[in-house]
Amino acid sequence: MEISWSVAVALLVVMMVVVTTGGANVSYDGRSLMIDGERKILFSGSIHYPRSTPDMWPSLISKAKEGGIDVIETYVFWNLHEPQPGQYDFSGRRDIVAFMKQIQAQGLYVCLRIGPYIEGEWTYGGFPFWLHDVPGVVFRSNNEPFKFYMQNFTTKIVNLMKSEGLYASQGGPIILSQIENEYQNVEKAFGEDGPPYVSWAAEMAVGLQTGVPWCMCKQDDAPDPVVSYLTFFTLRLIKLLLLHFVKDIFLDMLQINACNGLRCGETFTGPNSPNKPSIWTENWTSFYQVYGQNATLRSAEDMAYHVALFIARKNGTFINYYMYHGGTNFGRTAAEYMITSYYDQAPLDEYGLIRQPKWGHLKELHEAVKLCSETILSVFPSMQSLGEQQEAYVFSGDSGACAAFLVNMDNTKSVVVQFQNSSYELPRKSISILPDCKTVAFNTAKVSTQFNTRITIPAIKFDAAEKWEQFEEVIPQFDATTLRSDVLLEHMNTTKDVSDYLWYTFSIQQDSMEQQSTLSVKSLGHVLHAFVNGEHVGSLHGRFRNTAFTLEGAVSLNKGTNSISLLSATVGLPDSGSFLECRALGVESVIIQDSKEAKNITNLSWGYQVGLLGEKLQIYSLEESKSVNWSSLGSSQPLTWYKSVFDAPKGDDPVALNLGSMGKGEAWVNGQSIGRYWVSFRTLAGIPSQTWYNVPRSFLQPGDNLLVLFEEETGNPLDITVDTISVTKPSLRK
């Protein structure tokens with residue numbers, strides 16, 4: 001039986017309606033994403049729900065909306081939501097559904113980056129550590145065990161979103177999803193197992209039937225998988241009726257390759273199909289910061305220039321700022337060597353305060369672009385040369401409307417150009433936006449927004465010894481350990497990420513009287529503290545991307561049995577690179593050299609202790625801290641716990657702990673970890689990478705707030721203060 005083309009098209013329309021019944025139809029063409037058939041220029045901002053607190057979410061979203069943001073983008077954090085296989089947690093800062101609904105309540109869209117590998121400067125790239133122990137697993141490759149658990153979690157999240165009606169196809173805010181993350185960076189390392197994995201991931205995601213497009217960022221060959229949300233029968237019918245024409249329509253609607261980076265207006269090679277729009281999933285508003293390094297700043301002018309260039313040169317219509325609000329890596333969530341503060345230089349700082357002029361300058365950019373968005377979306381631009389390093393991108397449609405972007409790529413001087421019989425002065429490295437091809441509405445280099453400055457005001461001091469109590473961590477010896485091995489164990493595989501700390505202990509017999517020897521310990525990272533017979537004899541640490549080091553120093557051994565205890569500490573787990581499951585940390589070899597011989601201790605019997613006694617006792621918690629035998633503040637010693645109480649500062653200003661007098665460790669307020677601190681790891685300029693540590697107001701009660709710190713080194717708690725954070729009234733740049 002023959003079926004006419006009109007009937008075939010009608011069947012196709014019916015099926016498309018079925019997919020999107022009850023909500024918006026999100027699709028795209030080679031120009032932009034389309035919502036119910038209407039093309040959109042969308043400005044997006046990354047705000048990660050667990051890096052802030054639920055009471056902060058409404059304000060963060062509101063300020064983003066006021067700044068001209070249309071979409072909130074967030075990762076989904078696998079290790080937070082599935083800490084053990086099949087055991088899920090969506091409470092508190094993990095309540096992604098509440099976060100989605102708050103975005104929807106304020107009238108914004110969502111880009112949901114499920115991953116579930118996210119990198120994101122998040123410990124282990126978002127993978128739960130139990131995944132490491134799955135037999136035969138190879139992360140992010142065409143590996144059946146990995147794909148099984150990846151699909152399980154992705155399905156869990158998609159079904160959760162569906163059950164709450166959160167996809168645009170259901171009337172919800174989610175208009176775009178992402179599977180995987182920057183896989184192109186590692187794909188070659190997996191050889192022949194790379195490309196099949198990419199295809200599988202794309203097809204698996206599409207098969208979850210969300211009714212909205214999926215994208216892959218930094219994946220130039222993002223595939224167009226089989227449309228598995230259609231029944232097999234329907235797909236066969238479509239193929240018979242419309243052959244490759246219909247197939248191509250559907251396939252091109254399902255996976256979009258996107259750009260990440262600072263300068264996608266220059267570097268993006270473009271969509272891998274003429275039927276896909278140009279999407280920028282990560283326009284970095286600054287850069288992540290690691291301990292021992294200065295912050296990498298990015299000006300508002302540079303950000304605005306590259307956004308405008310992406311729109312003009314790459315036909316960009318979706319731009320996401322990573323991050324719009326960075327927030328805080330609470331607890332032990334930061335990846336290796338990452339500071340606790342995250343993207344503090346974003347338009348909304350760590351505390352959710354507006355950072356000017358970045359926030360205001362981008363708001364003005366968004367407003368200028370929206371003035372001519374209808375014109376921009378109706379045509380592709382033509383390029384005209386205005387000089388050696390000057391260009392005009394002109395959007396001129398049949399309706400007579402006209403918009404232009406005048407670009408000066410010269411970073412050394414301003415120029416005057418002629419455009420449509422008028423003169424325009426273009427500052428160096430700038431773009432002028434002319435919504436009507438006549439009048440300049442915005443220039444990326446001209447900042448009219450006034451500047452503000454963040455200020456800290458001490459509200460509470462802990463400057464009296466009687467305000468503090470302390471508890472000295474017990475240094476374990478070999479005889480007291482129960483976990484034994486004849487070989488050195490790898491740190492992460494032994495701790496299973498339940499603690500940063502792993503004790504390596506052994507005993508050595510000394511036949512002669514006390515003598516000087518040299519202890520040499522090779523570590524793969526990150527930090528090592530060495531103790532001989534309970535006395536601290538040395539500490540050393542690695543650096544970001546150079547984690548290995550050798551701790552070497554003179555030690556005195558007594559006649560008889562000597563106890564050597566080595567405390568290995570991680571500062572977050574690695575978050576990137578191929579074969580992440582094979583990475584190794586911890587002690588690699590130990591040699592003791594005396595006047596006669598060098599003794600390789602590596603293959604002797606070792607005793608291990610995972611974590612600290614204070615962690616086991618949970619002395620940072622409100623209840624358990626009462627059962628610990630604290631003592632009065634004494635002299636500063638390594639591996640000491642400190643405890644105090646304080647009242648919440650008056651007012652509503654954000655609160656931070658000034659730990660500038662401390663060394664390295666972790667801090668808790670009312671049992672909640674505000675993150676690791678590492679003040680002693682200084683930059684080349686001799687200043688800490690981070691001094692103030694965010695204490696959300698929701699962590700506090702009016703009085704008697706419990707503050708507990710674990711100090712690895714020798715800090716001075718008497719100089720700690722609780723400060724309030726605010727910003728000055730805006731002022732012009734001097």
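In case you wondered, yes, glycine gets a Cβ from its N, Cα and C as well.
The structure displayed is predicted, hence computed values, not measured ones.
TrEMBL lists 1-23 with the feature signal peptide.
The domain 'Glycoside hydrolase 35 catalytic' annotation in TrEMBL covers 32-368.
For 391-447, the entry in TrEMBL reads domain 'Beta-galactosidase beta-sandwich'.
With DSSP states grouped into helix (H, G, I), strand (E, B) and coil, the domain 'Beta-galactosidase galactose-binding' (639-705) comes out at 3 helix, 31 strand, 33 coil. As annotated by TrEMBL, domain 'Beta-galactosidase galactose-binding' applies to 639-705.
Taken residue by residue, the domain 'Beta-galactosidase beta-sandwich' (391-447) breaks down under DSSP into 0 helix, 30 strand, 27 coil.
Mean pLDDT for the domain 'Glycoside hydrolase 35 catalytic' (32-368) in this predicted model: 91.
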